[in-house]
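The next block holds one structure in the form of structure tokens; read it before the comments.
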Amino acid sequence: CNSDIVIRAKVVGKKLVKEGPFGTMVYTVKQMKMYRGFTKMPHVQYIHTEASESLCGLKLEVNKYQYLLTGRVYDGKVYTGLCNFVERWDQLTLSQRKGLNYRYHLGCNCKIKSCYYLPCFVTSKNECLWTDMLSNFGYPGYQSKHYACIR
């Protein structure tokens, strides 16, 4: 819900571009499917990220995997980084894959309430309690792999 673009894509090339003080890695992608962003950019060909992982830049494998990529659009370019949800497609659970097609868009009005210690509870109808923090110190816990907040 917070991303401008959500796509399934295979990285087919990469190039280091000298934009900004540290450089930008530009990945060429073959878009397999778009889940979000039809109006902002109906077809994504390039994904931009910081060249350095220390600046939240992503390192993606070329011609090896398909990825679920999320990001923002600025000045007609798609940007992503370590703070965005990026995962190899084959590492997603069946629930996550189904969520992309059928469920996640129904939860954009939900508020996730993180539970760090017990007891914890929701305080309004549009809240979903996220308890992954109790056992797995956050992502990726069972809830993040198998649940969706829908209101």
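All positions are counted from 1 along the displayed chain.
Glycine residues also receive a Cβ, built from the backbone N, Cα and C atoms like all the rest.
DSSP assigns C1 (disulfide bond) to coil in the three-state reduction, placing it in neither a helix nor a strand. C1 (disulfide bond): 11 other CB atoms within 10 A of its CB, across all protein chains. As annotated by Swiss-Prot, disulfide bond applies to C1-C108 (among others), with the evidence given as sequence analysis.
In the three-state DSSP classification, C120 (disulfide bond) falls within coil. All chains included, 14 other C-beta atoms sit within 10 angstroms of the C-beta of C120 (disulfide bond). Residues or ranges marked as disulfide bond by Swiss-Prot: C115-C120 (among others).
The disulfide bond annotation in Swiss-Prot covers C128-C149 (among others) and is backed by sequence analysis.
Looking at the domain 'NTR' (1-108) alone, the prediction's average pLDDT is 90. Look at Swiss-Prot and you will find 1-108 tagged as domain 'NTR'.
Annotation comment: Swiss-Prot describes 71-151 as region 'Mediates interaction with EFEMP1'.
Long-range Cβ neighbours of N2 (site 'Involved in metalloproteinase-binding') (same chain, at least 6 residues apart, Cβ-Cβ under 8 Å): none. Sequence annotations record features per position, and here Swiss-Prot assigns site 'Involved in metalloproteinase-binding' to N2.
Counting only the Cα atoms, the space from C128 (disulfide bond) to C108 (disulfide bond) is about 12 angstrom. The Cα of C149 (disulfide bond) lies closest to that of C108, out of the disulfide-bonded residues C1, C108, C120. Across the region 'Mediates interaction with EFEMP1' (71-151), DSSP assigns 27 helix, 18 strand, 36 coil. By a simple count of nearby Cβ atoms, those within 10 Å, the most crowded of the disulfide-bonded residues C108, C115, C149 is C149. Residue pair C120 (disulfide bond) / C1 (disulfide bond) shows a Cα separation of 25 Å.
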